[in-house]
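Here is what Swiss-Prot records for this protein:
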- Glu60, Glu61, Thr76, Glu77: Ca(2+) 1 binding site (BINDING)
- Glu61, Glu77, Asp80, Asp82: Ca(2+) 2 binding site (BINDING)
- His91, Asp98: Zn(2+) binding site (BINDING)
Amino acid sequence: YGRRRHPKKLTPLAYKQFIPNVAEKTLGASGRYEGKITRNSERFKELTPNYNPDIIFKDEENTVMNQWPGVKLRVTEGWDEDGHHFEESLHYEGRAVDITTSDRDKSKYGTLSRLAVEAGF
């Protein structure tokens, strides 16, 4: 009690590495598939939109900013309805998100993935 944990060294995730080490749609990673959410469904009302053009992503801990000053987290895909994902994709339920950095520097993606895991995604 009362002691701060020392920050652990974050190791970047490897390309195609998952945490937990299972695919996105397995029970251990995300729970049961609950069904696609459409604009006309009741569950659509439960999704939280973000219309502010000045906000790229809520990052209360400023983890991306602390790691790379001046760089923001960029959400490229969240809830989706266009049908280009696999049939039971969590994007259709609003439970999956694709992210990158505002500078689109691919060398940061491994560390970005680790930050997402540490944040509970």
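Every residue gets a Cβ built from N, Cα and C, even glycine.
Fair warning: this is a prediction, and the values are worked out from it, not measured in the lab.
The structure, with features from Swiss-Prot marked on it.
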residue : record                : Cβ contacts under 8 Å, 6 or more apart
Thr76   : Ca(2+) 1 binding site : Asp98, Ile99, Thr100
Glu77   : Ca(2+) 1 binding site : His91, Ala96, Val97, Asp98
Asp80   : Ca(2+) 2 binding site : Ser89, His91, Tyr92
Asp82   : Ca(2+) 2 binding site : none
Look up Asp98 (Zn(2+) binding site) in the DSSP assignment and reduce it to helix, strand or coil. strand
Hey, does DSSP put Thr76 (Ca(2+) 1 binding site) in a helix, a strand, or just coil? strand
Of these binding-site residues, His91, Asp98, which scores lowest on Cβ atoms within 10 Å? Asp98
